Amino acid sequence: MISVDRLSEEQALGMKEQEWAGPEALCPGWQEEEVSDGEGPEDSGHPDPTAHAYEVLQHTLRLEGMPLTIDRTGQPRTGSGPLDMTVCVLGSPTAFLPVLLEGGTRYPGAMVLCLAPAWASRVPSETSPGSWSLLLSRGVSFEAGGCTALEEFVPPRRATYVTGTFGSEGSWEGELARDLDCPTGGSALLTRWLEDPLLSRWLLSARAGLPVPPTLAFITGLWETLPEEPEPPGVHLVRLQDPQGQESLVRDEVGAFLEGSSMQPYDQVAVRLSGWRWRGTDPHSTHRKVEGEAVAQAVAALLKGLREEESILLEALVPTARLPTLPPRSAAPRLPMALRICTVVCRSWGDRPQLCQVACTAGRAEVPVRHGSALPLGLDSSLRQWGLADAAQRQALAGQLREAAEAAMAALLAAEGELSPAQRGGARAHTDVLGVDFLLACVDGTLELVALSANCLRCLETCLLAEGMGHDVGQPAGDVPRLLAECLLHRAQCHLVEGKDILLIGAGGVSKSFVWEAAREYGLRIHLVESDPEHFAAGLVETFLPYDSREHRRDEEHAERVLEMLRARGLRPDACLSYWDDCVVLTALLCQRLGLPGCPPAAVRLAKQKSRTHQHLQRCRRGRPPPAAFSVPCRRLRSHGDVERAAGAVPFPAVAKLEFGAGAVGVRLVENAGQCHAHAAQLWHDLRADADHPGIGLGWGNAMLLMEYVPGTEHDVDLVLFEGRLLGAWVSDNGPTRVPTFLETAATLPSCLPADRQAQLVRAALRCCRACGLRHGVFNVELKLSPAGPRLLEINPRMGGFYLRDWMRAVYGPDLLLAAVLLALGLPPVLPSRPAPRQQLAGVMCLASEHGRALRGGVMAALQGLQRRGLVRLNPLFEEAGGRYEEPCLSVACAGDGPAEACGRLLGLCQALGIDSPQYPVGHFLSHFK
């Protein structure tokens with residue numbers, strides 16, 4: 001907590017007396033003619049609500065400097081198919097306008113605004129019995145640059161995600177969105193559930209553990225939506241069987257509440273009606289705590305009109321913390337003020353809550369500050385104005401607010417998940433965006449955030465108003481439209497892949513077990529081609545196609561045999577992909593023959609053969625710098641004669657490794673030609689066929705290459721490319737390897753490098769991939785960052801292996817596997833345009849030769865216990881096997897707010913469990929991560 005006593009004596013200008021706008025809401029500029037609280041076109045009272053809504057949209061676009069909507073209804077839009085994404089927003093033309101404009105830029109044509117019930121229809125779902133599909137025959141579509149078009153859709157477009165302004169009871173928006181077969185961001189029922197202050201306050205206290213104003217609630221009926229659990233701190237419930245004749249009970253309960261310990265710090269209370277009808281309204285009355293009889297009378301008076309699922313709340317008026325200030329410049333008395341903090345939180349990747357924006361509104365302290373009662377400010381500016389001069393304290397409070405807002409959404413989503421589909425308005429209805437209001441109070445000398453309630457649109461309106469005001473004075477665009485557009489588009493893409501038939505080539509080992517869980521999560525129908533007829537994944541897929549393709553020099557023949565198997569079973573896959581090194585060329589051949597998106601087989605072959613990759617890049621001399629600048633001198637080795645010739649062209653020390661290898665198996669630093677001869681002889685004797693060491697490319701033979709040794713730090717760059725366009729890039733750092741074998745020891749994500757050095761790595765990786773013809777897919781590029789800049793080690797024409805997919809989800813959110821599936825379907829995946837890490841991960845590899853005995857002796861059980869508590873991340877990699885060509889068996893990682901914290905936790909854990917030793921110095925392996 002932040003202590004009031006620690007506040008700096010430095011103080012900004014004293015708060016001036018302000019004029020208040022009164023009870024009417026000040027909506028954003030794009031809502032000047034719009035009814036607040038999410039009311040749609042039918043609620044406007046206009047004789048032709050659809051025409052009025054369209055006029056409001058044009059007026060708003062004009063004010064925002066956007067081109068007016070083009071009418072294309074005379075030329076119906078045709079050709080929509082099962083892979084077309086349609087994010088449909090029902091109702092108000094302005095409540096989601098910034099999100100629609102952002103989504104139109106990110107994914108042109110996918111965002112569609114429906115202004116009237118006649119523009120859409122419901123038909124029984126073909127995939128979900130008992131549900132409905134929403135078909136759009138007309139809508140306003142959003143394109144890049146703020147362009148919009150009124151369009152007719154022939155045939156009607158099927159919505160893949162639906163949200164809207166689910167306002168008054170029985171509204172057409174709520175009826176159209178009920179029981180749909182696609183994800184629905186809210187519903188009329190969920191809106192009424194979320195907007196009830198009593199219910200949200202109960203959940204914020206009980207499930208999120210947040211302080212709430214002391215509240216006494218009088219309810220009637222059963223209230224089925226209230227959780228069946230003990231009363232949470234701060235909320236006391238009084239159930240009235242009959243609202244009439246309860247004056248004595250009300251008087252006793254009110255008296256006990258006012259005199260109770262929870263009310264000791266407070267002097268005033270408010271009496272309000274709670275329920276859907278009363279959302280966003282002012283309190284019915286406010287009283288001093290000592291006016292017990294008047295308070296009881298106010299409560300009793302409201303009981304007469306109380307409906308089922310409504311309540312009367314008696315709540316403490318929690319004052320905003322009064323911070324030490326310098327004497328004001330004016331001699332006029334300073335009035336007590338109140339501060340309301342609005343937060344907007346969305347369901348981000350992996351269903352994790354993410355705070356999008358914060359805006360604050362100030363007002364006089366006599367009554368609670370309403371949404372829209374004044375122009376908002378940012379959190380930092382508001383805290384400075386309030387007297388919090390210390391920047392570190394403001395930053396700490398902002399961090400506490402983020403944690404509280406995200407915990408609030410997590411609690412509300414968990415409670416929402418306990419509702420039945422009928423209570424939610426459909427099996428696919430979930431809240432994806434919500435607002436949570438807070439007060440800043442002072443409790444026992446420390447600043448404390450007090451949660452008030454949740455809402456659907458009011459916090460969003462306030463935050464969008466704040467963004468619009470910032471735009472007026474030249475501030476860069478805020479995060480709300482971008483984050484919400486990404487949220488909606490991502491949810492729609494997850495629905496698009498449901499039920500798709502995916503031809504997967506190669507199952508991989510234990511390190512790829514996550515694929516089968518992900519397939520269930522995304523609803524994929526996996527048809528697996530695998531060389532091992534006894535593979536454990538055989539029972540986890542839709543179709544298991546055992547076929548021995550390990551001799552990869554015959555991949556052309558294998559492709560024909562696999563096609564025959566597909567035809568014999570009547571399988572027509574929607575996509576074909578592989579994440580297993582050995583199978584990438586066969587996958588490219590199958591994509592080519594099936595007419596499915598993917599990279600050309602020649603490009604994949606070029607990347608798979610390491611010496612050809614570098615020799616090709618050395619011939620690429622166009623560009624500044626050209627791709628040749630990132631290549632490294634190397635020579636192919638198929639005989640000892642090749643070793644002699646390579647020794648004359650490649651300077652020593654050099655690196656000798658398998659031409660088609662994977663997992664650093666057989667990689668070795670050699671100081672001279674003699675060492676290279678010895679290593680080649682040993683490797684050619686030990687590793688001759690795939691059976692000698694499965695999964696490391698021996699199906700192409702055991703040729704080697706000799707490559708110049710590049711000094712510097714090692715890094716992985718994971719790229720997502722759609723038809724040559726870069727959609728996403730992430731850089732991770734590797735620790736110093738165990739020379740001379742170069743086996744990976746440690747890693748961290750995100751990279752500790754400065755942004756400009758990361759940009760060097762990303763651009764080098766991108767130039768190398770494009771130069772090799774890899775323009776469509778998820779690729780993992782290994783580079784060294786030398787004093788002279790990036791140098792390529794190798795390109796893996798598949799997504800990153802080991803722990804990378806898991807770490808990427810934990811740190812940034814997006815799923816590389818889902819991105820690979822979408823690209824294989826021919827769709828550009830929606831990824832964060834400005835990825836921000838949620839945490840730092842640092843991990844260390846475990847080896848059977850070093851740690852096998854400890855792992856079998858109880859260390860593994862201890863690690864699994866820590867993983868269940870969320871204290872470590874474990875990624876099993878390979879079965880325990882030591883020997884000359886050992887691979888890591890386990891990755892152990894810890895999280896922190898930065899590299900120092902993550903590495904400190906990991907080192908302490910490794911020392912405690914015996915993973916760290918003089919022979920395996922974890923501290924040294926982590927030393928690069930600063």
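Note that Cβ sites are derived from N, Cα and C of the backbone, with glycine treated the same way.
Residues annotated as region 'Disordered' in Swiss-Prot: 1-24.
Mean pLDDT for the domain 'ATP-grasp' (624-825) in this predicted model: 94. The feature domain 'ATP-grasp' is assigned by Swiss-Prot to 624-825, with sequence analysis given as support.
Annotation source Swiss-Prot lists ATP binding site at 650-716, citing sequence analysis. In this view, Gly695 (ATP binding site) is surrounded by 21 other Cβ atoms within 10 Å of its Cβ, with every protein chain counted.
In this structure, Glu794 (Mn(2+) 1 binding site) is part of a beta strand by DSSP. Applying an 8 A CB threshold to same-chain residues 6+ apart, the list for Glu794 (Mn(2+) 1 binding site) reads Lys610, Thr613, Val781, Glu782. Sequence annotations record features per position, and here Swiss-Prot assigns Mn(2+) 1 binding site to Glu782, Glu794 based on sequence analysis.
The Mg(2+) 1 binding site feature in Swiss-Prot is assigned to Glu782, Glu794.
What Swiss-Prot records for Glu794, Asn796 is Mg(2+) 2 binding site, and it gives sequence analysis as the kind of evidence. All protein chains considered, the CB of Asn796 (Mg(2+) 2 binding site) has 20 other CB atoms within 10 Å.
Per Swiss-Prot, the feature Mn(2+) 2 binding site maps to Glu794, Asn796.
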Minimal Cβ count within 10 Å, across the binding-site residues Glu659, Asp686, Glu782, points to Asp686
Tell me the Cα distance separating Asn796 (Mg(2+) 2 binding site) from Glu659 (ATP binding site), rounded to the nearest angstrom. 13
Taking Arg668, His677 as the binding-site residues to compare, which has the smallest set of other Cβ atoms within 10 Å? His677
By a three-class reduction of DSSP, Glu659 (ATP binding site) is assigned coil
Per 10 Å Cβ neighbour count, which of the binding-site residues Val650, Met704, Thr713 ranks highest? Met704
In angstrom units, rounded to an integer, how far apart are the Cα atoms of Arg668 (ATP binding site) and Asn796 (Mg(2+) 2 binding site)? 19
I want to verify one value. Collapsing DSSP to three states, which class is Glu782 (Mn(2+) 1 binding site)? strand
For Asn796 (Mg(2+) 2 binding site), the one of Val650, His677, Thr713 that lies nearest, given that the binding-site residues are compared by Cα: Thr713
